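What TrEMBL says about this protein:
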type	residues	note
BINDING	D:Arg48, D:Lys54	NADP(+) binding site
BINDING	D:Arg125, D:Ser126, D:Ser127, D:Asn237, D:Ala238, D:Gly281, D:Lys296, D:Pro297, D:Thr298, D:Ser299, D:Ser300, D:Arg322	FMN binding site
Number of protein chains: 4
Amino acid sequence: MSWNTFGRVLRFTTWGESHGPALGAVVDGCPPGLTLAEHDIQPFLDARRPGQSKFTTQRQEPDAVRILSGVFEGQTTGTPISLMIENTDQRSKDYSEIAQSYRPGHADYAYDAKYGLRDYRGGGRSSARETAARVAAGAVARLVVPEVTITAYVCEIGGDAIDPANFDADEIARNPFWCPDAGAAVRWERLVDEARKAGSSLGAVVECVAEGVPAGWGAPIYAKLDADLAAAMMGINAVKGVEIGDGFGAARLTGEQNADPMHPAAGGPKFDANHAGGIAGGISTGQPVVCRVAFKPTSSILTPVDSITSDGEAVQVRTKGRHDPCVGIRGTPVVAAMMALVLADHKLLNRAQCG
Amino acid sequence: MSWNTFGRVLRFTTWGESHGPALGAVVDGCPPGLTLAEHDIQPFLDARRPGQSKFTTQRQEPDAVRILSGVFEGQTTGTPISLMIENTDQRSKDYSEIAQSYRPGHADYAYDAKYGLRDYRGGGRSSARETAARVAAGAVARLVVPEVTITAYVCEIGGDAIDPANFDADEIARNPFWCPDAGAAVRWERLVDEARKAGSSLGAVVECVAEGVPAGWGAPIYAKLDADLAAAMMGINAVKGVEIGDGFGAARLTGEQNADPMHPAAGGPKFDANHAGGIAGGISTGQPVVCRVAFKPTSSILTPVDSITSDGEAVQVRTKGRHDPCVGIRGTPVVAAMMALVLADHKLLNRAQCG
Amino acid sequence: MSWNTFGRVLRFTTWGESHGPALGAVVDGCPPGLTLAEHDIQPFLDARRPGQSKFTTQRQEPDAVRILSGVFEGQTTGTPISLMIENTDQRSKDYSEIAQSYRPGHADYAYDAKYGLRDYRGGGRSSARETAARVAAGAVARLVVPEVTITAYVCEIGGDAIDPANFDADEIARNPFWCPDAGAAVRWERLVDEARKAGSSLGAVVECVAEGVPAGWGAPIYAKLDADLAAAMMGINAVKGVEIGDGFGAARLTGEQNADPMHPAAGGPKFDANHAGGIAGGISTGQPVVCRVAFKPTSSILTPVDSITSDGEAVQVRTKGRHDPCVGIRGTPVVAAMMALVLADHKLLNRAQCG
Amino acid sequence: MSWNTFGRVLRFTTWGESHGPALGAVVDGCPPGLTLAEHDIQPFLDARRPGQSKFTTQRQEPDAVRILSGVFEGQTTGTPISLMIENTDQRSKDYSEIAQSYRPGHADYAYDAKYGLRDYRGGGRSSARETAARVAAGAVARLVVPEVTITAYVCEIGGDAIDPANFDADEIARNPFWCPDAGAAVRWERLVDEARKAGSSLGAVVECVAEGVPAGWGAPIYAKLDADLAAAMMGINAVKGVEIGDGFGAARLTGEQNADPMHPAAGGPKFDANHAGGIAGGISTGQPVVCRVAFKPTSSILTPVDSITSDGEAVQVRTKGRHDPCVGIRGTPVVAAMMALVLADHKLLNRAQCG
């Protein structure tokens, strides 16, 4: 069945289709007394917003968020916070042609197989547009964990990775790729532009680091911090892989190489390395929480791909709508939002049991 | 807080510590009328059981499961199925020495940071022994999805991968590595044996394929089939990465390369490829569901590693207990069990909403 | 913490305050393919709407519902249905005086004790206005259980009960009290009018009967149909008691008197009586499901009552806002909505496990 | 579907049938560091235990609880606490005769209608024996809320109520009826004995008071403290009604009569009355939480009642097994346990959100 709620204590429910009148999120369980206004949320939506550069879809929407409940005189009241974003640029006519054809790589066929019908306009509920609601919810979550600093950036596009030696956090917001390596950003500009012109698309890898997470968040077994992060990230549109710390790289190390030695220090141990990505046994260790996420190339491409119609006839599908040549780029603020949501939830979860 | 329940409709709760009197699982929501006896569960536990070869820990336990409820005259009744496995080989003395020292890479420090105390014997609740309960629950889940065939195997140990050209499903159960490539199994025997003798450890990658999953299982957004699989797999001890289909490899493909063209066929479309791993938009497509899981090398090694005591003093820790040189091997039946549990849950979830 | 979601499979989340810009509900898990438009919901909201007669609050609002998601071309799609009702008549000035004083019998003091702050305008989140969102959600739930006919009516006001011998289902919608006994409706008119003029208030008992519920809905132990109904009803504002079947009356019967003998009949047993209210062991028996709900008298009265301010000073509070002299009247459609929501949820729950 | 878990943060799952090998509960989310041993639980089980007097079933079982996990060196560790009680006195032969006949008033018919099969021995999962697991879990919950004192007592049997003027808390444990009125206990002795000898049965009303609950536990809307209590109590076998505070009596009061005036006082307001039963808007007010529960008369009686067989034939059923003439008596410790479980859950819930 549908399941549009995420979280255990700080829980949010999203709703809305790409071409419906609006979309939104209801954030429940937020502590009272936090200062919150639209302008605390809007910058995160602006970062995710389409139409910012030629490297993202040209759909133009202000994505202006409204807070409809849960805030009184500028403060959260502890009651559900309803966030709404109206859809203003819905060119439904772009999609009429594919109403009857399944776009390969999209959810079209699976939705019809499951529900027997679907809102085909712009992907309906399966559109990446739904992630705007998560970004809005994530902005609220950040207020719950002010002790944490979350940084997300693209570390690879089309197989071309950044050079860690060139990492410059200040660079991330300076280029349209959320790229911390100025040199890579220049290369990606050409790479993504070529893909865009060719009607092709590229995959990407996004890394997210949360600093300031104290030791003790998370839980053994089925609410492990890493398991919840994995669910949060794999649930983002177009994501096909998630790693914590060294991830698949750890599978190629020996136990000695993978060790994170600890030394006594004030305020918690000092670690020599962070292969574990800040999580052991599902619980944070006090080191930075590190997560890496693989985005597949956008499935919407100009090259015709064999497919079928909803009547089971053969057809070729090429997507002429406005699309991102590399969805991983706009996925970056979504990754950060999901990190914030998972951490905020676990902060409250930990407080519930461990005071 | 603790959260020891997994699933939404078919839900299971596990309990138990490595060196307590017993461990178990309560499986709730199982359909009535399924034929179930201990002998339906025991073979899966035997497959996971330690002490089977020199490549796994030498702890010797029968791991005999008892069904304490939910079955009457050989059939499930629809009420909770309580499964219990008694712990019989608990050499607690092996662990006395590390009661006060945190084993690097283990959950020891994080548990103390969270709870202020821990059952240090054999890792307590964070021991991989807890996965026996999941394997038992998974055996029940398999009965819920008889239409599905689940195969899990190790495809890489210590960076040495199988050759897909040599894949032989029948080979998997013939060697102690769940390896489908007879040649790789020979190489791994030497590799793992060397690691074992050196007191070192190796990582591994496990692949799991579920055939027979119909199109339509899963759900948009927060109960996506892939998101639930990611949580299930990342929650297994020592797992650091999860991929669906091509996973991180998809991030290096173009949209054209990553396409899974469809053609009309009886009983659902015929696909030319399965880059997507059988899931689109969080919903199964009818193709095999493919998942890949990275296990880090066992953190318990003989080489001393710098660490701290619970009093914050410097110490060196080397683990002399009985341990697996490569936990990924014994993790393989656990991966299969979690696949069964997620699929069974989603089969019932889909039935709830879509009849 | 806040918990604004109800249900297990068909789940709904409400949001909104009495004097915020809007309130709403997100209904998740609804089966696809149901015909749904605003005009399927509006009549139920109109029935609950204030200002209908002098016996309810004079607040005037159209309570027009908008469907913002989850419906495409007139049919539910299986994705979350977002329902929004804008608040149009918010005379916040009426409440300025009680911003600092706790109204006895209201949630004011408890909210401040819990959250440290509150939206005092019209009761904020604790206002009965929130029930409009439930009524809207309930209208969707009714579509999920078309086999069920739900009737709710007031059976007692201020201690004056209907005479079962006069029960006339057609009468219910003919008077402003949802009263099935025309004679009682005449008496209540005077009773409630007197209370209204005196600035006093009266309690009421509402009965709700669901016919057409097949045997087998519900679940043993913690999702018992009666337990879920009890939670649903006790969660309605001003409700202080819930009975199933004979309820407290059953506690005064002997086992012989309380028996519901069964006889063979086509399509399920024929029962001689329904003391059990259609539920045995938490599962429906095929008889009508009968529930009775006690509403306390409105706490807002003109008579001054001793209270304290948020600074802990003594004060006397009398409520001059627009209020219902008998909230149980307008609670009647809410009771029916909650019955629909619980039954729809259990229909889907039963289908999940028992096919 | 089955749903055998209760609670949101402090959650417990019960399992087991009346005549299976054992039954138990898994308590999850319990804070770490609480002192817990079997002897903290056993007295509560002994209070509920059958065979204590001729006024309860003569089934003789020690009901000895074992803690299988979650406790280390006498302290809770924060991991799931598995509690098991072995069934030792299972005279299955007593029930062979009713294997094919549905006992009126019992869950037999409803279970078969739902699941298509049932464990008929002693009622299987629907037996009141399951409540032993709740009582065990409740004993753990009490440790989570040491600031709260919970008192449960029978206030009415067969329509014969106690006189509040005679209330003596010390009397409760002195008679076999948990009766706080010594005179009523004498009358009930005759009443219940007559019913027992006649093979008849009587209903009862149980009241439960929790003192020491601070203001602020509970939550608006769907986790209201009173709604959760209603679910908890209505889910107890044989319960047909639940009241908070004045309950149905409040429906017969005016707003003036039902007011609970507040006055300034140290440590929270002083209330003149407690019609509300300590809960306003779903949140505790700091007054005693008062709940009243109606138990129907035991359905198992010697008088033959018309019924049907599972094949749909007419039959008369009289129950010859060992049964309580008044299940409300042994339900009293169960009511207290559920009160403890709900309060403990809400204490932790409140801590999660409001710190």
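Even glycines carry a Cβ here, placed using N, Cα and C.
D:Lys54 (NADP(+) binding site) and D:Thr298 (FMN binding site) are 15 Å apart (CA-CA, integer value). Around the Cβ of D:Arg125 (FMN binding site), the same chain contributes D:Gly16, D:Glu17, D:Ser18, D:Asp119, each under 8 angstroms and 6 or more positions distant in sequence.
Chain C comes within the C-beta cut-off of under 8 angstroms for none of the binding-site residues D:Arg48, D:Lys54, D:Ser127, D:Ala238. The two recorded residues, D:Lys54 (NADP(+) binding site) and D:Ala238 (FMN binding site), show a Cα separation of 20 Å. Contact annotation for chain B: of the listed binding-site residues (D:Arg48, D:Arg125, D:Ala238, D:Lys296), D:Arg125 place their CB atoms under 8 A from a CB atom of that chain. Taking Cβ-Cβ distances under 8 Å and a sequence gap of 6 or more within the same chain, the neighbours of D:Ala238 (FMN binding site) are D:Ala128, D:Phe295, D:Lys296, D:Thr298, D:Ser299, D:Val327, D:Gly328, D:Gly331. Local packing around the Cβ, expressed as the count of other Cβ atoms within 10 angstroms, is greatest for D:Lys296 among the binding-site residues D:Arg48, D:Lys54, D:Lys296. DSSP gives D:Arg48 (NADP(+) binding site) a helix state. For the pair D:Arg48 (NADP(+) binding site) and D:Ser127 (FMN binding site), the C-alpha distance works out to 14 angstrom. Sequence-distant neighbours of D:Ser127 (FMN binding site) (same chain, six or more apart, CB under 8 Å from its CB) are D:Glu17, D:Ser18, D:Asn237, listed in sequence order.
DSSP assigns D:Arg125 (FMN binding site) to a helix. When other Cβ atoms within 10 Å of the Cβ of D:Thr298 (FMN binding site) are tallied across all protein chains shown, the result is 27. When secondary structure is read from DSSP and collapsed to three states, D:Thr298 (FMN binding site) falls in the coil class.
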